[in-house]
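Quick notes on the structure that follows.
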Amino acid sequence: MPSTNRAGSLKDPEIAELFFKEDPEKLFTDLREIGHGSFGAVYFARDVRTNEVVAIKKMSYSGKQSTEKWQDIIKEVKFLQRIKHPNSIEYKGCYLREHTAWLVMEYCLGSASDLLEVHKKPLQEVEIAAITHGALQGLAYLHSHTMIHRDIKAGNILLTEPGQVKLADFGSASMASPANSFVGTPYWMAPEVILAMDEGQYDGKVDVWSLGITCIELAERKPPLFNMNAMSALYHIAQNESPTLQSNEWSDYFRNFVDSCLQKIPQDRPTSEELLKHMFVLRERPETVLIDLIQRTKDAVRELDNLQYRKMKKLLFQEAHNGPAVEAQEEEEEQDHGGGRTGTVNSVGSNQSIPSMSISASSQSSSVNSLPDASDDKSELDMMEGDHTVMSNSSVIHLKPEEENYQEEGDPRTRASAPQSPPQVSRHKSHYRNREHFATIRTASLVTRQMQEHEQDSELREQMSGYKRMRRQHQKQLMTLENKLKAEMDEHRLRLDKDLETQRNNFAAEMEKLIKKHQASMEKEAKVMANEEKKFQQHIQAQQKKELNSFLESQKREYKLRKEQLKEELNENQSTPKKEKQEWLSKQKENIQHFQAEEEANLLRRQRQYLELECRRFKRRMLLGRHNLEQDLVREELNKRQTQKDLEHAMLLRQHESMQELEFRHLNTIQKMRCELIRLQHQTELTNQLEYNKRRERELRRKHVMEVRQQPKSLKSKELQIKKQFQDTCKIQTRQYKALRNHLLETTPKSEHKAVLKRLKEEQTRKLAILAEQYDHSINEMLSTQALRLDEAQEAECQVLKMQLQQELELLNAYQSKIKMQAEAQHDRELRELEQRVSLRRALLEQKIEEEMLALQNERTERIRSLLERQAREIEAFDSESMRLGFSNMVLSNLSPEAFSHSYPGASSWSHNPTGGSGPHWGHPMGGTPQAWGHPMQGGPQPWGHPSGPMQGVPRGSSIGVRNSPQALRRTASGGRTEQGMSRSTSVTSQISNGSHMSYT
């Protein structure tokens, strides 16, 4: 365990600054116990520095649950430091000494429950309204700062000398709202606090409920169900209707106020701010109503203490003169005065207060008022002496000197016996005089009885404390499990998010790599095409040069041949003059040379036109090939994106299934834990109830045994009474016998005296025998009657107790059944809510997937459309330039058949079919040109899937050869077989709508 959590550890600076470092025993003197509870005790004390009267609440944090006690002390100190309001107790500081915290607060006269204890009757409605108004103002302050008191009752509402109402005992308070802890005092608990762990959280309205119960307490001297076992009261409050005021003497305003506070459903219950506007507290009332009540209470306390004082003086006086004697009369008198207090709200109920550090119902004597300080040293010494007397006698007697004089003057017997009183009486007088600054509305007998009850009811208090501790532990276990599962869920969610992010990053890297690869492919293809075009031009130029050389050689041969023929013709014709022959021959030579020059020029022109045409046609084929490559790359990229998106969606669905499985497993774990905790709680409740039943039966048996033990004494007394009556009867008969004997002896002759005496003796013996028989009969009848009456009374008490305990057990069973049903309903509701959340999340995920698929489809369509439009613009621009240069589109659309019959040296195979593309694009067969993808060319060859004409049989990737012959050029130029291409002005939109968009594979 960390040192900062160890009880009493001040290593944490935040905790250390909560406590003062001084020794409290040197700062505070004249300590006198004025209250006692489960936490410890409250003392009256005086601050030696300021001579100010204070109240000190001592809380030990040693022994069992020391860490829990220490945490409660820290929480209460922090709470007291935060609150500053006229209707809340003023905090002065906290000190530590020997594993005990000294919580110093302002001193108050007493609590509202002390008023009930002293007066033995309910308060007046106007007094209840004044007390309630002050308490409401304090609660409104707490609730406005999101704090909850959680232990409102008459014992925790204190009064000061000026009549101010103060809220005290914040050991159960919560600094956060809403809360869900099981704390408070059973009879004042709101239903939602009792069901806190089962049904969820609660807020400041629990204090409003407790205030309503407190109003009933002040109006009826005890809260509802106070005659019931505290545990049974919890079950009763949780499932039965709200209590109401029983008497009809209260006003409608008061009844409505109580009914509003005790609304079973918290949402229907008003807040403390709203209750401050209620007519019950706003009605006009005397300003001095509480001051007058306090004064009357102080007078009554003085009278009660004076009565006890006179008894003690009388007892001491008789002991001094007569020795020990049985004061039966005084015992009866004491019973008359003290017996009526047992029905009030005493510390038994308060000691059942749930928080271990809370002040009990009648021990709240720590509050505001600072009384006049002592003026002389003698008074201080007297007070120290008085303190010693009080602590040794475990009692508190409150009497001022003038009060003592007043009571002595009013009691002649006391005044007459005062000079003869022993030293003890003098010490008691000195003791009373020393308390002149100790004002209170609590009687000495109340403090003494409270201490005794605290010692006697330890078993019941320990049972309630154990139950409270169990509820706390269960709540802590549940919160620990929920936090653990939440951490597991967060970790799982982070892991899934990380996996998804990793996959997306991998996909992005793959896509970037693919795009770079495509860019490299395009660059490489551009270089290859440039080289191919250069080689193609060089090949044609080489062939044309070769053809030109051949042509020139043939012209030379033809020239020589023609020259020889002409010479032969001239030689045959001898009649022609030689000069004429020479001229004719020269002219023929010139004609031949001119014709050959024209033929050469025509050849060069045709070669140039052919070169330009074939280069232009080659460039168009290159452009179409690049377009096909772009289409293939775009198709590959889009298919890759589609594949990645499918994989991402599959992962999202798997993650959804994984999250769903984990959520259902967590919910099942929490519900199992909750069921187990409810089972343990119900088992503990049943065990506690059975122990309570056994204890009640044991107490009743003990009482009956005591009655049986006391019966011989009462029987002996009655037997002595009967015996006395018999003796009186015997004496009467003896006197009558003597009188009759004397009379008969006087009236009868002396000779008959013997017979008369004998007869009288027999008669007397017979009557005495009859009287003895009657005596025995009376004794036996009395014994049997008394025994029967005792048996019947005890049997009746046993039956009543059994019925009561059976009802409480049935109430517990009903409560537990209700809790189980509520838990099952809650589990079903949680399961339905989780299923709804999962279904909604699945629907949102599917909607997101559908939207992403639609967006991807739109992106694919847009990419294809933009690519087709760009390629169409490029082809159209190329064809326009060709038309400007004088080339026909039909001529450029297809190579001549002869062009495929030869290949130039060094020509490489194209990676794409320049005439028909690379097969089906976007899921449809392509035509010979990309003008209209997926449609046959009008007037031209069939699509690649149905080749025809001279193009049939050309393999993919075959080299393109061009037959360099004027005949081919002439045939092409003269309108030989050509293929009509489709115009590039065909609408791209119609192409896409007709099926040229992607077909996802």
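Keep in mind that glycine also has a Cβ here, set from the backbone N, Cα and C atoms.
Noted in Swiss-Prot for the protein shown:
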MOD_RES   Ser9  phosphoserine
DOMAIN    28-281  domain 'Protein kinase'
BINDING   Ile34, Gly35, His36, Gly37, Ser38, Phe39, Gly40, Ala41, Val42, Lys57  ATP binding site
ACT_SITE  Asp151  active site, proton acceptor
REGION    324-380  region 'Disordered'
COMPBIAS  350-370  compositional bias 'Low complexity'
REGION    404-431  region 'Disordered'
MOD_RES   Ser421  phosphoserine
MOD_RES   Ser445  phosphoserine
COILED    458-651  coiled coil
REGION    567-587  region 'Disordered'
COMPBIAS  577-587  compositional bias 'Basic and acidic residues'
MOD_RES   Thr669  phosphothreonine
COILED    754-877  coiled coil
REGION    905-1001  region 'Disordered'
MOD_RES   Ser965  phosphoserine
Exercise. Nearest to Val42 (ATP binding site) by Cα, among Ser9, Ser445, Thr669 (modified residues)?
Worked result: Ser445
Problem set entry | Cα distance (Å, whole number) from Gly40 (ATP binding site) to Thr669 (phosphothreonine) | 41
Exercise. Taking Cα atoms as reference points, which of the recorded positions Ser9, Asp151, Ser445 is nearest to His36 (ATP binding site)?
Worked result: Ser445
Exercise. Nearest to Ser445 (phosphoserine) by Cα distance: which of the recorded positions Ser9, Ile34, Gly40, Asp151 is it?
Worked result: Ile34
For this session: By Cβ count within 10 Å, point out the most packed of the modified residues listed: Ser9, Ser445.
Result: Ser445
Exercise. Could you tell me the C-alpha distance between Gly40 (ATP binding site) and Asp151 (active site, proton acceptor) in angstrom, no decimals?
Worked result: 17
Problem set entry | For Thr669 (phosphothreonine), the three-state class that DSSP assigns | helix
Problem set entry | Asp151 (active site, proton acceptor) to Ser9 (phosphoserine) - Cα separation in whole Å | 28
Exercise. Per DSSP, to which secondary structure element type does Ile34 (ATP binding site) belong, with helix, strand and coil as the options?
Worked result: strand
Seminar exercise, completed: Cβ atoms other than its own within 10 Å of the Cβ of the residue listed as 'active site, proton acceptor', all chains, total 29
Problem set entry | Other CB atoms within 10 A, centred on Gly40 (ATP binding site) | 21
For this session: May I ask for the distance between Ser9 (phosphoserine) and Ile34 (ATP binding site), taken between their Cα atoms and rounded to an integer number of Å?
Result: 30
